[in-house]
């Protein structure tokens, strides 16, 4: 069409005709131009969001890599200081402890002074936001700085504090996603749209995990499992796209910085591919899953109890209220003193970084067998070739150190989670799980030193495989997710243990899910954030419960023909944020919703008219400028509990109106559904 | 409490007291008994479904394995016959072709004679069922036999027909799931519950994929992507559980049958782990993805067009209507003649089974480099040590055979999909994708024979990696799913190519999704099954469309006070399955739904009373025993298109009522939403 218009202009006006003459092959050129136009439109149509998702992934990868790079330098400086400071025990102790204590108290003080939201991992709050609750300012870009600086300080303490970066990275990534979403709506000039916003946030969460672990698959799945109970395949595709961009960029930077030859996984293992495990070992893998499940229940219970204790104990809560940095410093002193290498730290491999912990635990040799006849020395420095020697002690052997590591880290991690500063708790849990698995694996390799003979070939038992399964099972049980199994494979670059690891994770989840709420749900409960309880898998008779059984009957409606005095009376006697508007006091037919704030404003503007003694009713106010919103969806009293629950989950709603024969009889919201006891 | 009752009885009656004396440590015993009781309750509570899911997984694994085992024998017998029949070309040709022709015509005739539903893969129909449409008898257990026998015959033809088993297995598995679901509801004595049924079907679909490929992760994800647009994390967990049971059992049987030492993946590869690919190769991987995307568009277009052609062409449609086995036999003759090894089959490695095709294509050597100086002989039998020699021809080289294979298989697969018999189309597509990747990989290995030098080490290019990426990208593009990347890793047991494969799949999907409907959606369209169009990613202004713009205004309501004559008039003039019941003709307040069938029945029972001349209205009929159902959910005319679409998808509904001020004004259903053009 455009071309036709151009031609007609060309035949009437001279300059265009001249141009036509000058350019050869007008048809071909037109064809090419049309093709390009089509391509542009196509790209732009598909594009829109995709560009933003790509930007999100690349940005987060840059931030993640830059943080890793800077932290590597800082940690190296600390190690250098500790090494060079001389042999005096006091000096060495001070150099070991003062550094993390200073960092932690700064991290806590700085981030808390800017915003109180920046503490913790942020995932529980994000879960609440994605379920439809508005947490004011939680995703403001100004919190970004506080979280980045605080997190950097936390991570710079290395393995003394033993904390990770997944949770805060998810939060950071969602903040950027929310910001980009706002930019997008502004550039397009589109009205704010809630479902579009949520799509962006879900993708952001996936990018957060993917840029920390370079694991796009498990990043997306982990976020979905942890954050929501329903999701659309559309969100999942967008998440994949953004996560892949992020993970690729993150690993690309490592290649550019000559850290590695090519793009590979983060914690590469080298398990033999042919016979990685023998069939009877499956039993031990499932047993390991069960052990991890029980351990996770114990951990979740203790963690929640201790967190509640710090809120109720007078001394601690006073300390928390007045000077958070002091509490942080005290806790950090305890943690750093215990990990002091020449002291107790000797028995828990505290000279290794968290990355080295994982690398050594996934090692495919059996340490117990290797150290059976010869005992390796304890070098002044961890030997890069034999990092696992750190786990060995001549008197306590491998088993002693692993068990001691587990017992100590168990309560140390619980203590660390109470410090109010940005920190992730996933990686430490993953490492603890790996240590549980390693312990079982080493025990098995000693119990069956010949390995399990199958088909005439002797296959030694690999404790590394158990460490992998333990890490996936324990972290899966604590977070109530199954995708940690996939994360374990993506992290190590090998998937030979697919079935045993998956079975261990399922066993651990079966125990944990039936006994304890997940780490994130537990935190939501302790922090008293609103949440929607889980009703699937509850007794069968819950299917018979209908809305009528639990709806709130006493609601205040505003009739269009009500006198203003009546309206004011309703407004002053209740404090709802919105009121259902009905046709008339008599008919009670639901016609819309009025926001309290807007109604109050309209009433105030009306005040002079009222003073003049005129008898006016609500309808006049509404006609005079107070907007009403339509009720897009109503339930009936016969709707089942499950159906109502589904609607709340899918549409991220917090309340719905129930009508019977058109009458706005009642109202259901989250609180009511909790009262039903299902 | 029970124990207390027991004690009281014990103190009053003698025998119980005696028993108490005889048994030592009553407290301990009571404690243990209580604990066991608790465990039993716990297990039973969690159990319920889980036992059924486990049964489902184990059953399907047994069927899958038994089928593989039997087919292996049959295929071996065919090979033996072909080998031993002598050197006469005619006899050899007949032994090669008659066998598949007979099997295919039997498969087609047998399965079609029992039920016409049993043809094809079944996934398009399942997708329709899961979106809420009722297809009568489609999941009846009596179809099971037809599908199993038909599929066995199809698969027994080996690589001459080049068809797989994924789709039919998903169908079989869903049939068993539906059957088990019915058993469950009967044993528990619970009323039929639609959401519970759907949960079971989704798990069944996942089990189907998992028991074919022994890949639980991708089984679950692939089903979700292909079958639905929304899903709940709860379904995903159940799917994982069932799929893991199935995959474990499937591989366990292989170990028990001494086929392998331990549980490993199906198509084990041995790519080097350290530098599997070099950074610049990422570009070629993405290019491969784009090529696969374009190829998939061509394939989907041709496939849909040819399928439509067979339905419109008079000759073929007449043949199809009168004698399907004849059509099947004709098509099979063409396919078998082309693959005859001493003929054209020589150039397309037709002596290899489909399993061997994949095994050779994933080989980690470069055939082009290996055959550069020496040309391997063409053995009388495929050499088990050098199966890939089948791909080589001295004159055409590797490239010629691979290209010829692609061109021929492209149209041969399209022809094979038109044969009305149970067959899966996923595996052939996967293999064609692998061949595309291999072709590019071999070309690159010739173009850069030194490999790409990085960090002083020479890394040869591995065409096997490209084959992996090509398989995932092409099958992902054809089915519009991303989880095929994960499937490639689970099948090969290696995940070293994680990022490049994922990027290729994303590139292929970006092209395919923006140009063509997926294989399954295309089949749904050609078969004219009902479906819900996809509205995400459509123009932004679709967010402004509200229900009022597309709702159906002319609906027939039945008023409670309507005279029976009026009711009969409405019933005879329209043919809806259900009618909205309103309070009165005047008020039109929606109060419930009446089923047409039940109303007609009640009216017939009422006929004598009517004959007596009494003036009765609808209300009397309803009071006399015709049940009404409540309307659990209503929309308002202001609900947005997206919100309505979400509801239809999540709740698997086909229609909803729209009320305005309580009045049953209109009705929205699938058809209306298609008319909006969004």
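Note that Cβ sites are derived from N, Cα and C of the backbone, with glycine treated the same way.
Of the given residue ranges A:236-255, A:256-275, Swiss-Prot assigns the label transmembrane segment to A:236-255. Matching A:203-224, A:533-554, A:555-576 against Swiss-Prot, the residues noted as intramembrane segment span A:203-224. Intramembrane segment is the annotation Swiss-Prot gives to one range among A:181-192, A:313-324, A:349-360, and that range is A:349-360.
Checking the ranges A:7-27, A:28-48, A:91-111 against Swiss-Prot, the transmembrane segment annotation falls on A:91-111. Helix, strand and coil residue tallies for the domain 'CBS 1' (A:551-612), in that order: 26 helix, 16 strand, 20 coil [DSSP]. With a cut-off of 8 Å between CB atoms and residues at least 6 apart in sequence, the same chain places A:255 near residue A:261 (Ca(2+) binding site), listed in sequence order. The transmembrane segment (A:236-255) makes no contact with the transmembrane segment (A:325-342), as judged by fewer than three Cβ pairs under 8 Å among residues 6 or more apart in sequence. Residue A:364 (N-linked glycosylation site) sits 23 Å from residue A:259 (Ca(2+) binding site), taking the Cα positions as reference. For the intramembrane segment (A:203-224), the partner stretch with the highest count of Cβ pairs under 8 angstroms, out of A:116-127, A:349-360, A:464-496, is A:464-496. Among A:282-310, A:325-342, A:400-420, A:421-440, A:325-342 has the largest number of CB pairs under 8 A with the transmembrane segment (A:91-111). Where the transmembrane segment (A:325-342) meets the stretches A:51-82, A:282-310, A:400-420, the count of C-beta pairs under 8 angstroms peaks at A:400-420. When pLDDT values are averaged over the topological domain 'Cytoplasmic' (A:521-678), the model yields 72. When Cβ distances are compared across the two stretches, the transmembrane segment (A:282-310) makes no contact with the transmembrane segment (A:51-82), since fewer than 3 pairs at least 6 residues apart fall below 8 angstroms. Residue A:364 (N-linked glycosylation site): 16 other CB atoms within 10 A of its CB, across all protein chains. In sequence order, A:166, A:167, A:168, A:170, A:171, A:423, A:424, A:425, A:426 make up the list of same-chain residues 6 or more apart from residue A:121 (chloride binding site) whose Cβ falls under 8 Å from its Cβ. Using a Cβ-Cβ cut-off of under 8 Å to chain B, the recorded positions A:259, A:278, A:364, A:426 reduce to A:278. Beyond the transmembrane segment (A:161-180), the same-chain residues lying 6 or more positions past its ends with a Cβ under 8 Å from any Cβ of the stretch are 52, 55-56, 59-60, 63-64, 67, 100, 104, 120-123, 125-126, 139-141, 143-144, 147-148, 151, 154-155, 197, 200-201, 203-205, 207-209, 211-213, 223, 332, 335-336, 354, 409, 412-413, 416, 422-428, 430-431.
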